[in-house]
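Database features, via Swiss-Prot:
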type	residues	note
SIGNAL	1-26	signal peptide
DISULFID	Cys96-Cys102	disulfide bond
CARBOHYD	Asn169	N-linked glycosylation site
DOMAIN	352-451	domain 'Cadherin 4'
CARBOHYD	Asn359	N-linked glycosylation site
CARBOHYD	Asn418	N-linked glycosylation site
CARBOHYD	Asn436	N-linked glycosylation site
DOMAIN	456-561	domain 'Cadherin 5'
CARBOHYD	Asn567	N-linked glycosylation site
TOPO_DOM	712-798	topological domain 'Cytoplasmic'
Amino acid sequence: MEIRGALDLRKRQVLIFLVLLGLSRAGTESAHYSVAEETEIGSFVANLARDLGLGVEELSSREARVVSDDNKKYLHLDLLTGNLLLNEKLDRDELCGSTEPCVLHFQVVLENPLQFFRVELRVKDINDHSPTFLDKEILIKISEGTTVGATFLMESAQDLDVGSNSLQNYTISPNSHFYIKIPDSSDRKIYPELVLDRALDYEQEAELRLTLTAVDGGSPPKSGTTLVLIKVLDINDNAPEFPQSLYEVQVPEDRPLGSWIATISAKDLDAGNYGKISYTFFHASEDIRKTFEINPISGEVNLRSPLDFEVIQSYTINIQATDGGGLSGKCTLLVKVMDINDNPPEVTISSITKRIPENASETLVALFSILDQDSGDNGRMICSIQDNLPFFLKPTFKNFFTLVSEKALDRESQAEYNITITVTDLGTPRLKTEYNITVLVSDVNDNAPAFTQTSYTLFLRENNSPALHIGSVSATDRDSGTNAQVTYSLLPPQDPQLPLASLVSINADNGHLFALRSLDYEALQEFEFRVGATDRGSPALSSEALVRVLVLDANDNSPFVLYPLQNGSAPCTELVPRAAEPGYLVTKVVAVDGDSGQNAWLSYQLLKATEPGLFGVWAHNGEVRTARLLSERDAAKHRLVVLVKDNGEPPRSATATLHVLLVDGFSQPYLPLPEAAPAQAQADSLTVYLVVALASVSSLFLFSVLLFVAVRLCRRSRAASVGRCSVPEGPFPGHLVDVSGTGTLSQSYQYEVCLTGGSGTNEFKFLKPIIPNFQVHDTGKNMGEIENFRNSFGLNIQ
């Protein structure tokens, strides 16, 4: 990890070096302009676009702006014309004081790509200040014994202008004793000296009043005056003297007010009043007089107002010692202000972008500069931001930095970054400044809507009301704003036969699904379709999910009786021999239910019977069987009503009516099996032989049964009355008799049997076997069969 970190650091250093190299080449171009102070706001300075070789459109598109070193807006760049204009009146004397030339430094910053141009604006001085004297009156005491040619220092005037507009000369009002001399000065300042041109006589003139005039070099020149009061004293031949001409002290800028700075002491060899010395500042500026004070008796210099290294680094104080005779001496006190780390770094934001798109990399977030008013290590700074942020600082030139995104961001992971720019100096103790920037990551449509489930299963009970809400689908989008607004729709079904548009609809805003019409389980048990979720981004993104609708069965179908038919025609009659044993299968009620599940579970029960207890119905399969042995006392004709009920809630039911005819000596006939399929006819010879043998035995058995029945009926016809059955007048309908012995119609042979009366013979007529069907037989055919039955058996069936 340490090696990797070192490599990353080395890469960053190389990148910063290349950026600084490019910027240093781009920043070597500079422009120089000048303007007179006090020029009106909005005055033209220069056409910056022309001087920099840039088009006006380029200035606007690249967001050109002017940034000064002290972060003050002295100039304004008109992006429409490219003109550089004054944004405020400039006072050269306030900006630069006595410094000449007075040059203000600016940077022209262009973006896309980032480029800097240096601009220097020289503020030219105008003669807007007159020379002024700090003292309205200058008192000079001169002994009458002073020799001709003696010089006397006087307070100089102050002129805030510089150059030719500054103080140039002094004149004295006409008199017979003095003239003004301007000596050469190492600091090139003009100091007036009063020179004695003619000896004074205390007795003749003890006091002189002269006017000292200071004249500058402006056009027209300006001047200032002060009164010079000269008092003639008696002879004093020794002037005060200082041990050294220059005193140097170092004072930290945080020295408390009233603190002692230094003590300056002079000696005078005279005695008495001429030896008494008083100390004063002379040629002292207003800053010196405000900052320091001197004890006129002891010569102690004390601090009067706070020191600030960042404003003034040193003070040169001229101190004059004057004795009682008017003689004086001078020395210089040099006070050097020591810097302490009392100024935290300053952060100035030139431009800032608080919202950046998430898919943009290396986007400029902020351009800022840092400044520390201290000096040395106290003024050296380190600029940094937090670790583990996808941003980095890129130094440009001097103390300018750019805050740039390191890579493309992901708003869904983090939508906001709080970046703290920390600037720390290297002083003791270290001071730091923090500047917080909140960067909002604007959304880009990079996430498709996602359904909460890949598939949905909805349940809908049939016979629903139209427009019924059957369920909902839901999708979420990790984006924000319009990019996260989801619209739902139905996708074309994969099955072209599915009329999806007439079955369901979806609310485009919330994903609610509605059934458009009532559904029938018996027609449609289930269907599936796809729904889509599309956001409103550009380009729009979408996803889909599968919806499966299961139609739940409702108990809306009553049982339907397949057999016996209940179509309003003449009912079928089942023949039961009186010799039948208990449990004899009379018939089987077959019913179906169009519903499903427990709604289609059918149960059977005997609802009504002509003779209760004679017959019973099996509840689960509908088989009607005899419950006991039949006797001669039992009626020959019986009517049974069987109730068929489903297991729904509430249950639905149907009834089947059966007619049963008790017959003496009747037994189940035997008929050959139906012809086999063509494929079975090709069985081997052994199978054929077995079938032929079985058919022969069956025929013999059938013949015996028929003979037995015929004999039996002939005997009874004379001894007993003819049995009656409630067969309606008209044709006697055919019926189906189950002879399989298993009670299952699907595995039985069924024969159409017709019974007729009116004949003197008691016999049955069997017709050909038929395939089960539930169509009503032809009435004419039934009538013919009934007539044949009557003729054959001689029965009178009513």
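Any Cβ shown, glycine's included, is placed from N, Cα and C.
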Among all chains shown, work out which of the disulfide-bonded residues Cys96, Cys102 has the most CB atoms within 10 A of its CB. Cys102
CA-CA, which of the glycosylation sites Asn169, Asn359, Asn418, Asn436 lies nearest Asn567 (N-linked glycosylation site)? Asn359
Nearest of the glycosylation sites (Asn169, Asn359, Asn436) to Cys96 (disulfide bond) - Cα to Cα: Asn169
Show which residues of the chain containing Asn169 (N-linked glycosylation site), separated from it by at least 6 in sequence, have their CB under 8 Å from its CB. Ile182, Ile190, Ala214, Val215
Sort Asn359 (N-linked glycosylation site) into helix, strand or coil using the DSSP assignment. coil
Model confidence over the domain 'Cadherin 5' (456-561), as mean pLDDT, sits at 93
Between the Cα atoms of Asn359 (N-linked glycosylation site) and Asn418 (N-linked glycosylation site), what distance do you get, rounded to the nearest Å? 19
How do the residues of the domain 'Cadherin 5' (456-561) split into helix, strand and coil according to DSSP? 8 helix, 48 strand, 50 coil
Roughly how many Å separate the Cα of Cys102 (disulfide bond) from that of Asn418 (N-linked glycosylation site), to the nearest whole number? 41
When the glycosylation sites Asn359, Asn418 are compared by other Cβ atoms within 10 Å, fewest goes to Asn418
